[in-house]
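Colleague: I have a structure here, written as structure tokens, and I will follow up with some questions on it.
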Amino acid sequence: METIHVDLAERSYPISIGAELFCNPAHFSSVIPAKKRVVVISNVTVAPLYAQQIIDTLNTFECQVSLLELDDGEQYKNLDTFNQILTFLLEENHSRDVTIVALGGGVVGDVVGFASACYQRGVDFIQIPTTLLSQVDSSVGGKTAINHPLGKNMVGAFYQPKAVIIDINCLKTLPEREFAAGMAEVIKYGIIVDREFFDWLDENMDKLYALDHDALIYAISRCCQIKADVVAKDEKESGMRALLNLGHTFGHAIEAEMGYGNWLHGEAVSAGTVMAAVTAQKEGLISQSDVERICSILEKAKLPLKAPKEMTVDAFMKHMMRDKKVLSGKLRLVLPTSIGSSEVVTGVSESVLAEVIEQCKA
């Protein structure tokens, strides 16, 4: 098992990464006191697979546990689901000493984290991510949010969990399409800051898709370590944390325009990463060979390289100008400058962006 620490002074917390963690009380009792009231919140897909294991483990130190199952899908990461959680907590008369466990993928983690941040001005919560994407990205760092019809993650808060518990055995029940979506975020880390990790991924893609234990532990641990280091330096995304959004400005536009859930987040990020790389090449920031390597590894990971053909330039620009990185009306893009290096760029012209969008559509 690997343990990584997110260093945020009094709000620091551990990330535990291994196998068979759900049945080990030690991973829970270190952050949840005995006899505590606990609410496990999952979705209708994940709860039947893993909720009872966790409830049984919590019962070993006499926690009082209740379970809430949410609908499954990005389209449910909304105000209605947020209110459903708050209503459940109120109807069960939970006070500020409750601990909430978010069991599921990125949607569950985001909406449950946001509800935890808001309920009685903040209660403890633990992230138990069950998808590759949530294990390497969304469960770590304290970003919580729900979507708005006009934009993704537009309503939310920075709110850190008390712990993150990652059991790689969950990936055995994950559909390959979802695994591939997670690989988009894994590859992102190599592109933005770690060329050596990028090279390792390129060489070990088959092992990862075969769910090789050691390969998964290494890849997930490396992603979490990179993110933990970035978050420790820039928790509220005032500087370098923005680099973690490579591909997301274009990608969020795809998700919003095509309807949440029709394109998986990682699929949209993959197409968005290609668009960012092509933009960087047109701006003279990255070599053609590095762009080709980025496209090659995404294709090897069974991810889309092209944006949907029906999306117009106007549709992209409408959504991109609502991006949270926009400052003073100016679009800021995370662009790779080489494999292992990236920067935030302001001032890419609309004509260049229009060229990129047309070039990168299916």
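From the backbone N, Cα and C atoms, a Cβ is placed for every residue, glycine too.
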Colleague: Per Swiss-Prot, what member of Glu176, Glu185, Glu196, Glu203 joins His248, His265 in binding Zn(2+) at one site?
Modeller: Glu185
Colleague: Given the binding-site residues Glu185, His248, His265, which one's Cα is the least distant from that of Gly106 (NAD(+) binding site)?
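Modeller: Of the binding-site residues Glu185, His248, His265, His265 has its Cα closest to that of Gly106 (NAD(+) binding site).
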Colleague: Where His265 (Zn(2+) binding site) and Thr131 (NAD(+) binding site) are concerned, what is their Cα separation in Å, rounded?
Modeller: 12
Colleague: Using C-alpha atoms only, work out the spacing between Gly109 (NAD(+) binding site) and Glu185 (Zn(2+) binding site) and round it to an integer in Å.
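Modeller: About 16 Å separate the Cα atoms of these two residues.
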Colleague: List the Cα distance (Å, whole number) between Thr173 (NAD(+) binding site) and Glu185 (Zn(2+) binding site).
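Modeller: About 19 Å separate the Cα atoms of these two residues.
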Colleague: If you measure from the Cα of Glu185 (Zn(2+) binding site), which of the binding-site residues Asp72, Gln75, Thr131, Cys170 is the nearest?
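Modeller: The answer is Thr131.
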